[in-house]
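Here it is, the structure, as structure tokens.
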Amino acid sequence: MMALAATGMIKGLVALLGTVGVDPESGLYQVLNFAGDGFFQFLPVMVAITAARKLKMNEFTALAITVAFLHPEINNLMTGDVMYTLFSGTAFESPIYSTFIGIPIIMPPNGYYSAIIPILVSVWLGSVVEKWVKNIIPGVVRSFLTPFFTVMIVFVISLIVIGPITTWASTLVGEFFLAVQGFIPLLFGALLAVAWQLLVIFGLHWGIVPIMFILLAEQGYETIGPAMVSSTFGVLGVVIALLIKSNSKKIRDVALPGAISLVFGVSEPTIYGLMLPMKRSFLYALIGNAVGGAYIGTMSVVGYRTGGLGVFSIFNSINPSGDLDMNFWNIIIGFALCTVVGFALQMAFPVPTQEDDESKGSTTNTKNTDKGLASKEELQESAKEVIVASPIQGQLVRMTEVNDEVFSSEALGKGVAVKPEVGEVRAPSNGVISTLFPTGHAVGMTTDEGVEVLIHIGLDTVELEGKYYEVFVEQEQRVNAGDLLVKFDKGGVESENYDTITPIVITNSGDFQTIDITEDTQIEPGDYLLTAIR
């Protein structure tokens, strides 16, 4: 997230350079532009990684699907001679340049760079297809045939289906805003200022941008840019209020660079870092945008040129004659209204800390009781998906590969094993020590969400009768994630010809529909290990 904020600030610096007259063709401008804009051009890649982790999909398979959309030559599918035209004479008119086994290929006019929703849909589809393929392919060839079929199936379906949907939706959005502008300027300004950030997230803004340039070429001015740019100022007002009110380090770390970026018209760091996770704050920003946008629409504020963003877009509304007429002052008033209303709303209401990552539980959503805490029963009932972290550092080994029939057959329950590299075992979650062998070779705990975890340190190590093991907890003791449970002398255990591989078993696997295991091969204490899904 800090990378998002940092690159946003670089984009703001580039905007400032353009405003003070630095040649966009100069090396200084272009190098800094690459540094600031690269992250946003390939934002779908970052989104794909995050979505794949959430959906328990192989991250590299998700990346393979995503980067196919970003191939530098994919837009060539929309160039050359027109083969035929679909829906000619309608808003959905689509010239066809290429087909896939006879199926027409329709893409957004500017491709999939910076597109978020198409990639999210593709990764979701990929997670479904991947699970389906895994279930039907024999284990001996599953490792390479699963990504082979997943990438091929998902990319083709996504390109053929998502392309037309995105393109036609963008066209509808453009037609809608043109119609509203002709009838109710106030509503046009308010809607565009509110919707712009959302349209960018969904990749639907390309239906509006071309209209702005067409109007500018035909009339010498356009009415879209002023309301469009105002959408960053409601967010700016909210962010300034958050900097004043919030004591959360996580919020402030994103808000400060985000505010600087917003001044220059770069909103992505704040939208993805604060507004989407903190939906009420985003609502306050949108209300501010609606007020300022409505004023801009009512006063028919126009732009005579394009290029500047944020505060620098004010100069776009200066009359070509150089006079600072009411058009110039009205856009300043509109931007100020967005900022002040957003700021006032956030100052008037509490910061939505329950949506802040600092107060979110990493494993489950909890319900508050009258005393402000969730009871054990409520916690277990509400935990539909429970994440268990790794208690030990080492190399991941599938349970079926453990050289002990008791574990490899999953007779004790589903799970995974770790070949330890360090002789320390830590609590994988918050909970209570429910089983503790006097020899220290095995420890069981029940997490607050009701997952029963058995950590068996080595195979047949009960025969060592506690030699090389040091226990740091007691039966029924409450522990927190990361607390040290057991230390053991790895070299000593191995010197006695015992295997130190450590199975981690969910002994109440029957209480869960699925136990999903991480795809990582190297793991450390606190890393994601598995998810138990009720």
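Placement of Cβ uses the backbone N, Cα and C atoms for every residue, glycine included.
TrEMBL labels come from automatic prediction, so no person has curated them.
Note that the coordinates shown come from a computational prediction; the quantities given were computed from them, not determined experimentally.
The domain 'PTS EIIC type-1' annotation in TrEMBL covers 1-365. Taken from TrEMBL, the feature domain 'PTS EIIA type-1' covers 404-508. TrEMBL lists 353-373 with the feature region 'Disordered'. Under the heading transmembrane segment, TrEMBL lists 82-106, 112-133, 145-166, 172-191, 198-217, 223-244, 256-276, 282-307, 328-349.
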What counts of helix, strand and coil residues does DSSP assign across the domain 'PTS EIIA type-1' (404-508)?
14 helix, 42 strand, 49 coil
As a test: from 82-106, 145-166, 172-191, 256-276, 328-349, pick the stretch that has the greatest number of Cβ pairs under 8 Å with the transmembrane segment (223-244).
328-349
Is it the case that the transmembrane segment (282-307) and the transmembrane segment (145-166) have 3 or more CB pairs under 8 Å, with pairs at least 6 apart in sequence?
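The transmembrane segment (145-166) and the transmembrane segment (282-307): touching, no.
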Excluding the flanking five residues on each side, which residues at least 6 beyond the ends of the transmembrane segment (145-166) place their CB within less than 8 Å of a CB in that stretch?
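Beyond its ends, the transmembrane segment (145-166) has Cβ neighbours at 58, 60-61, 64-65, 68-69, 94, 100, 103, 105-108, 115, 117-118, 121-122, 125-126, 129-130, 133-134, 137, 203-204.
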